[in-house]
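Just dropping this structure here.
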Amino acid sequence: MLRNDTITAIATPPGEGSIAIVRVSGPDAISISDRIFSGNIAGYASHTAHLGTVSHNAVYIDQALVLVMRAPRSFTGEDIVEFQCHGGYFACSQIVNTLLAEGARAALPGEFSQRAFLNGKIDLIQAEAIQQLIAADNIDAFRIAQNQFQGHTSQAISSISSLIIEALAYIEVLADFPEEDIETEDSLPKHRIMEALSITDELLSSFDEGQRLAQGTSIVLAGLPNAGKSSILNALTQKNRAIVTDIPGTTRDILEENWVLQGKNLRLIDSAGLRETENLVEKEGIARAREAMSQAEGILWVVDASQPLPEFPTILYQKPTILLWNKCDIVSPPQIEVPFQQISVSAKTGEGLLELKQALQKWLNTTQLGKSSKIFLVSARHHSLLHSVYTCLTAALNGFTEHLPNECIALDLRQALHSIGNLSGSEVTENVLGEIFSKFCIGK
């Protein structure tokens, strides 16, 4: 699976910028780069930087800072040369074209990371974390990916694997020497399987929370028609995302908008106003609104302070809820006692929105990862394979209770190890690797 050629690509995003980076990796990275650079790259020590000019066939291309990282002390485990040139499209693209003319090959998406994996610099779990780091759009998603890239998830998986291997080795001894009549009901292999199950179960149980943290906390704006839900959504996000009119029932479907508040990602969900209606389309919208309220993690219950107080749905008392008295610029809200926070706002003037943001921030901080080293699963691939591990370990444990032959228990444990191998990459197929790394950007 290892490639012996030398690859190159632009490692920075396209478009205008102060600096662009061109990366070269492979056995001929130094010799190819040396032919287009004014300095002596072949003579440079590893992990040093040198300023010079890039040219080809005596034609000047750009000034660049060259970084040399010799194998195996590099990201890919191969010789790497990086050219830091002026930003924009033309300088870096001309450097790439020159490197291609000198014998390098254009890198495939994720090929640098794939080489790092194939050369043992990172495992597959860490490699996948690279793409998660790049794609993270909020602080929680970034920290989850950071923990994964630092190897915390891999360490937990390795612990599961070690426990299974220890149990399997003991069981195989029992299978090879059945005449010893060793008692296994409360023996070492059973205890090791139970330990492995405990770690696996903890990882699996983190998936839903990990998904929520990575994708954002869902908060639905709900209330009667014309209470100002859509106006508040637009005011918070500073976008004209939702249609606003004086006609009740304008919003008839779920409208979702991502909103980052102090680095925390929220999914604000605008919903249809709740009321009795015979309009089939609006009725469907109301049904979806109620479903959104049941699925959301928090509710902003919007009330028009100038109108009679509506009845509060039971679900408001079952979830984190903030009561928003809208239109406080024209009327003072009534004084009522409810078990959730009340904030007076005006979607029209912006009054009270700062207090609302502070309240949301305070609530979100209760779910903030901070510097916690807790591991969260966010990959569906990881969850599926770990679920397979859990199933196999459960079957193996039941094998003791049902007094199954040791060979049957060993078979379940080997299957669990196979799933772990697919997870870490030690037994993964080339097709799976291709699918994973093809989602990466070129140059990473």
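Note: Cβ is positioned from N, Cα and C throughout, glycine not excepted.
These came from Swiss-Prot, pasted as-is:
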{"type": "BINDING", "residues": "ARG23, GLU82, LYS121, LYS444", "note": "(6S)-5-formyl-5,6,7,8-tetrahydrofolate binding site"}
{"type": "BINDING", "residues": "226-231, 245-251, 270-273", "note": "GTP binding site"}
{"type": "BINDING", "residues": "ASN226, THR245, ILE247, THR250", "note": "K(+) binding site"}
{"type": "BINDING", "residues": "SER230, THR251", "note": "Mg(2+) binding site"}
{"type": "DOMAIN", "residues": "216-365", "note": "domain 'TrmE-type G'"}
For SER230 (Mg(2+) binding site) and ALA272 (GTP binding site), determine the Cα separation and express it in whole Å.
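Per the Cα atoms, SER230 (Mg(2+) binding site) and ALA272 (GTP binding site) stand 9 Å apart.
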Going by DSSP, give the three-state secondary structure for GLU82 ((6S)-5-formyl-5,6,7,8-tetrahydrofolate binding site).
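In three-state terms, GLU82 ((6S)-5-formyl-5,6,7,8-tetrahydrofolate binding site) counts as strand.
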So which of the binding-site residues is most packed in, judged by how many other Cβ atoms lie within 10 Å of its Cβ, out of ARG23, LYS229, LYS444?
LYS229
Counting Cβ atoms within 10 Å across all protein chains shown, which of the binding-site residues GLU82, LYS121, SER230, ALA272 comes out on top?
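Per the Cβ count, the most surrounded site is ALA272.
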Report the nearest neighbour of LYS229 (GTP binding site) in space among the binding-site residues ARG23, GLU82, LYS121, LYS444, comparing Cα positions.
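Smallest Cα separation from LYS229 (GTP binding site) among ARG23, GLU82, LYS121, LYS444: LYS444.
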Which one is it: of the binding-site residues ARG23, GLU82, LYS121, LYS444, whose Cα lies the shortest distance from the Cα of ALA272 (GTP binding site)?
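Given the candidates ARG23, GLU82, LYS121, LYS444, the nearest one is LYS444.
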Express the predicted model's confidence over the domain 'TrmE-type G' (216-365) as a mean pLDDT, rounded to an integer.
83
Which whole number of Å gives the largest C-alpha distance between any two of ARG23, GLU82, LYS121, LYS444, the residues noted as binding (6S)-5-formyl-5,6,7,8-tetrahydrofolate?
19
Using DSSP, how many residues in the domain 'TrmE-type G' (216-365) fall into helix, strand and coil?
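DSSP composition of the domain 'TrmE-type G' (216-365): 42 helix, 38 strand, 70 coil.
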For ASN226 (GTP binding site), list the number of other Cβ atoms lying within 10 Å of its Cβ atom.
22
Between the binding-site residues ARG23, GLU82, LYS121, LYS444, which lies closest to ASN226 (GTP binding site), Cα to Cα?
LYS444
